[in-house]
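Annotation source TrEMBL lists transmembrane segment at 20-45, 203-222, 228-253, 274-294, 300-320, 327-348, 368-401, 523-544, 550-572.
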Amino acid sequence: KSSKREWKPLEDHSCTDVPWLLLFILFCIGMGFICGFSIATGAAARLLSGYDSYGNICGQKNVKVEGIVNSGLDLTHKKYVFFLDPCNIDLVHQKIKSIALCVSACPRTELKTLADVQKFAETNGSTLCSYELQPTEYTTDPRAAKLCPKYPVPESAPIPFFHRCAPVNISCYAKFAEALITFVSDSSVLHRLISGVMTSKEIIMGLCLLSLVLSMILMVIIRYISRVLVWILTILVILGSLGGTGVLWWLYAKQRLSASALETQIAKDNLQALLIYAIAATVFTVILFLIMLIMRKRVALTIALFHVAGKVFIHLPLLVFQPFWTFFVLILFWTYWIAVLLFLGTTGSPVPNEEGFVEFQMAGPLKYMWWYHVVGLIWISEFILACQQMTVAGAVVTYYFTREKRNLPFTPILASVNRLVCYHLGTVAKGSFIITLVKIPRMILMYIHTQLKGKENACARCMLKACICCLWCLEKCLTYLNQNAYTATAINSTNFCTSAKDAFVILVENALRVAAINTVGDFMLFLGKVLIVCSTGLAGIMLLNYQRDYTIWVLPLIIVCLFAFLVAHCFLSIYEMVVDVLFLCFAIDTKYNDGSPGREFYMDKVLMEFVENSRKSMKEAGRGGGAEGRELKPM
């Protein structure tokens, strides 16, 4: 009897890692308890309605807080929170360092003096000074300098659903951003950057939509013309990088020779930004050409693999929409998580602080609930991403190991989701928990490194960075192994540890193929991302160039390029995932089948040709082996 365990693709289905599913359910119940606790303790009312510095919730009657003056007031008709100094922000404790009051209405016009504040109170019935001052005392009482708002009082409007008066002018937020960006010594630079983003917001939104359209078009191209896709991408990237670099140098030379190039500070900033962009684009183009020169002999191998992956998308068109539903579920969960976090921020009992105002603090073990909440953010987010990986793996496995493609389920994606929910949620929970165990220490080390920045010695700083880098590499390796473990689970319905071991053995036995196929394939998909980013960036340069005289376009262009890369990554990562699943299926197929009756191959003719091309290429490189030398025949 052979000691090898036989693989029976899609024949047996059984529940895997049930204890881990129960543990995950218990963890989610704990998350629900935190949500219920934060709502039951009144945090929801304080968050939505807002509260003043004395512990009163706006828009309702309140209970007296012992030892606090001005608490326990009836504020039924005062529904909005108003800050006397809304721009005084404490970055360390993430709060506004200002007295907060409940008012009847937000000042819709700028109030420049205390007389204007008094007139506003008499006209609108909204007192903007502390409760112990009457409107008639605003201009006569010496306490008004401390108990009334800092003037000029900016024009403000209530935030929808949260009843806070927020300044309408963005200058307040610019000052907040200045405190965050420590390397900006000249505040006028930041003001111009923010004004550039606000002026170009329509262009930014249009370019972001363009990147989404380009990603969809590229997915269609991959689906229908996969044989020539690699060469098309290669040529377009060469032309795009050369064209983008040439346009940048041309714009720089044109503006430098222009008579008005140095007349304004905005023009000088744009000229300097163009020079930096042109130099960076030139260096990037040279490096890109060198990489493509080194990998040119392996391009032919990738063409066949992309063709097979393209056939998968032809049979499984719903794969294209996987990023949408994953992103949608993540957005729903993150919205819930942020809402509960905000509830937790106002949960607790009222406690007087050193200034005589009220703060809400939790006592005992309950104050550590937010740690549990943070772990939940990481684990459940990884769980959602792992569900996408398992769904894609299950659909591609169904396609590969179905000999007659006419017998495929009507919707293999839904069939894969059904198998995931019925059998493999425990495996997904275990795999995502392992990633969480690695990610949490890395985030803690990154937080420590941020807090100790400038205080630790060089040795400690080097050790911290080394540990963070090692944990990052470990996380990436485990993520790749997890993805292949999910594929093995989808094939043979085994638990996570068994699937991970089987997948690891298969990958080690095919290490040269993994290096030759996945590396080149991932690089070509990276070129697709580069193409989308370059195209969007080039369009942004041409559009923003018309506003160069009155808008700084450094930040808008960076925002657009980052968004374009994220969109392209979301779409092409699905294609990359399909390629990896196909390769593992192919490796298992060649290991446990030999083409003889009863052990026929599942792969199609195109993949056979790919194997032959790979074998010839490896022989030419002097790396051919006996196992590669046998002829592979389709059934």
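The backbone N, Cα and C atoms fix where each Cβ goes, glycine too.
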Worksheet item: Is the number of Cβ-Cβ pairs under 8 Å between the transmembrane segment (300-320) and the transmembrane segment (368-401) three or more, considering only pairs separated by 6 or more positions?
Response: yes
Worksheet item: Counting Cβ pairs under 8 Å that are 6 or more apart in sequence, does the total for the transmembrane segment (327-348) and the transmembrane segment (20-45) reach three or more?
Response: yes
Worksheet item: Most CB pairs under 8 Å with the transmembrane segment (274-294): which of 20-45, 203-222, 228-253, 368-401?
Response: 228-253
Fill in: Two-stretch contact, the transmembrane segment (20-45) and the transmembrane segment (228-253), at least three Cβ pairs under 8 Å
no
